[in-house]
Amino acid sequence: MTTAKRPLALLILDGWGYRENTHNNAIFHANTPVLDRLNAQYPHSLISGSGLDVGLPDGQMGNSEVGHINLGSGRVVYQELTRISKAIADHEFEQNPALCDAVDSAIKAGGAVHIMGLLSAGGVHSHEEHIEAMCRMAVARGATKVYLHAFLDGRDTPPRSAKSSLSHFDDLFTTLGHGRIASIIGRYFAMDRDNRWDRVSQAYDLITQGKSKFQYDNAVTALEAAYERNENDEFVSSSAITDADGQVATLQDGDALIFMNFRADRARQITRSFINPDFDGFERAVVPKMHFVTLTEYAGDIKAPIAYPSENLVNTLGEVLQKQGRTQLRISETEKYAHVTFFFNGGKEEPFEGEDRILINSPKVATYDLQPEMSSAELTDKLVAAIESTKYDVIICNYPNGDMVGHTGNFDAAVKACEAVDACIGRVVDALAKVGGECIITADHGNAEQMTDETTGQAHTAHTSELVPFVFVGRNATIDEGGKLSDVAPTILTLIGEAIPAEMTGKPLIHIKE
């Protein structure tokens, strides 16, 4: 008979930061009696989830991928943004073998170099400085046909901020003497991660056939027309940009296609549509035979050259629990499932021995402000059942609402999202109390605590660099101040009586009073 476990649950409230300013702060204005009570009764502090503390550049806002890698690995992990920016500064980028091979193969075949990615200074999925470096490198190596397929942001940046980026790249190509922007489309279509293939197909058809809803002779003109249609950057319809002769640039046999996003989760679907022989997400009218390169590693099943392969993380929390014969559960909705599994495990797809996973489907709505509670009730039903089963030593759960609804910029919906999560936490804490379990409540980064950009007055749809909550609901304890996300895994190991491996550089934040 299996011994009953007293589970330790880590509840990650995605996009839930702490902000002193209460103006347009959805978390402050939400009615959250459960969290208010827990903060009053139990030890708590604030920890850092941004900038240098998570391996990002100083001042750079945190994000879900980075947050979960730090949470699960127990160390500050040098992030792809920093790593690639450093390679550019050190002039190593222009010698990268995978990128050089792609450019050279296209030149040799008389083809074009196509560069696609999120044209954004947001630094969450990509950075436009990296895209600029790629354009410069391609021309420097002798490419005369360089085409940029720009995915527009408006989510990790202000909703209407793409104009300066597009203007900059128009000027860049003029300076370089070669290349141009070939198409623009909102990330809503090109970077879907929830198997909404009808969206992805529009980006695929745009790049491979020039098939678009609109056609313009200039990218800025195309963007301004989208604004006239009331489309913010994220939702810009497929727009092909013609050259002086009225021609569109499409991906052909012998061309190279370089995907400049460094974050994996929203890069996987469109990548598979380009390279998987047995792809069945939608009907592909053409499948060009081209040289495809990914900037980083997107998934184990994606077989393409990688410019910057993942660094192997040893002795993450999941791996240590496996080695000690512990059981663990990972649970979230579709939107954050990859984060509590792949990213939390340091970029490993396969579950560890003793690791169960539960995926709850996120609601099929256009944007989550239409259903701010998302699937939190069903998620909590499954989580409570898992706690009551007493099967697990450690449970990792992510509630996506604060982030996913925060990204819509809809203040009232974000308030409702926070209230829904608070009610769920109450159920989880009650279930843990019945079985003698404990929980840590924290977040991966901020978002919902700032719903308006104080400078522009526009909706603030991006993450923030605010500190995030850290609450321990359990035994009588003290909590150290000044912690960061990488301290969470060592804290969990200490609470369950396991040794912290040398690879974990984080420090335990919770100290039980004997």
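Here the Cβ of each residue, glycine as well, is placed from N, Cα and C on the backbone.
Since we're looking at a predicted model, the values are computed, not measured.
Straight from Swiss-Prot, the features:
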type	residues	note
BINDING	D14, S64, D444, H445	Mn(2+) 2 binding site
ACT_SITE	S64	active site, phosphoserine intermediate
BINDING	H125, R155, D156, R187, R193, R263, A264, D265, R266, K336	substrate binding site
BINDING	D403, H407, H463	Mn(2+) 1 binding site
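Annotated features, which come from Swiss-Prot, shown on the structure.
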residue : record                 : DSSP (3 states)
S64     : Mn(2+) 2 binding site  : helix
H125    : substrate binding site : coil
D156    : substrate binding site : coil
R193    : substrate binding site : coil
A264    : substrate binding site : coil
H407    : Mn(2+) 1 binding site  : coil
D444    : Mn(2+) 2 binding site  : coil
H463    : Mn(2+) 1 binding site  : coil
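The Cβ of D444 (Mn(2+) 2 binding site) lies under 8 Å from the Cβ of I12, D14, G15, G49, G62, N63, S64, V66, G67, H68, L71, H339, N398, V468, L485, each on the same chain and at least six residues away in sequence. Checked against H463 (Mn(2+) 1 binding site), the binding-site residues H125, D156, R193, A264, R266 differ in C-alpha distance, with D156 being the nearest. A separation of roughly 20 Å, to the nearest angstrom, links the Cα atoms of R193 (substrate binding site) and H445 (Mn(2+) 2 binding site). Among the binding-site residues D156, A264, R266, H445, the ones whose Cα sits within 10 Å of the Cα of D403 (Mn(2+) 1 binding site) are H445.
A gap of 8 Å separates the Cα atoms of H407 (Mn(2+) 1 binding site) and D156 (substrate binding site). Here the binding-site residues are R193, R266, H407, H445, H463; the one with the fewest Cβ atoms within 10 Å of its Cβ is R193. In this structure, the binding-site residues D14, D156, D403 were compared by how many other Cβ atoms lie within 10 Å of their Cβ, and the smallest count belongs to D156. The secondary structure of D14 (Mn(2+) 2 binding site), as reduced to three states from DSSP, is coil rather than helix or strand. Between the CA atoms of H125 (substrate binding site) and H445 (Mn(2+) 2 binding site) there is a gap of 15 Å. Taking the mean position of the Cβ atoms of D403, H407, H463 as the Mn(2+) 1 site, the remaining residues of that chain whose Cβ falls within 8 Å of it are D14, G15, N63, S64, R155, D156, G402, M404, G406, H445, N447, A448, T461, A462.
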